[in-house]
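Visitor: Attaching a single structure in structure tokens format; questions to follow.
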Amino acid sequence: MSMEKENRFDLDQRKRKRMLSNRESARRSRMRKQNHLNDLVSQVGKLREDNSRISAQVKLRSEWYAAVEAENRVMRTQVMELTERLRYVSSLLRFVQAASGMVMEIPDPLLKPWQVPCPAHSIMASANFFQC
């Protein structure tokens, strides 16, 4: 019986050791899981901040674009009005020329303001122009 008690004692010892080992393993697993959850929560916060910042930038750019588009519409309307005035003045000059015999002429580039008169010159824009 002594041998039987010793074997039972060894089995109980191994069982307790395995139980403690399993508890420690479960504790480490819960810690890893909690750390992972904390990392994910932190990442969500950072992504929300990024999203807010980007949304604000998109809103700014959209407002800027709308303002520039409105300004362009005004300028196009002004170009059309001025072009029409130049054509009218040109027709008046032709009428005066026909009536008086004097040569009066508006240079052609003024009648077509949308065409660059000197294509050899490049137009430079500053990079700061596109920043808000």
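In case you wondered, yes, glycine gets a Cβ from its N, Cα and C as well.
Quick paste of what TrEMBL says about this protein:
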REGION    1-33  region 'Disordered'
COMPBIAS  1-13  compositional bias 'Basic and acidic residues'
DOMAIN    12-59  domain 'BZIP'
Visitor: Going by DSSP, how much of the region 'Disordered' (1-33) is helix, how much is strand and how much is coil, in residues?
Guide: 32 helix, 0 strand, 1 coil
Visitor: In this predicted model, what is the average pLDDT of the domain 'BZIP' (12-59)?
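Guide: The answer is 97, the mean pLDDT of the model over that range.
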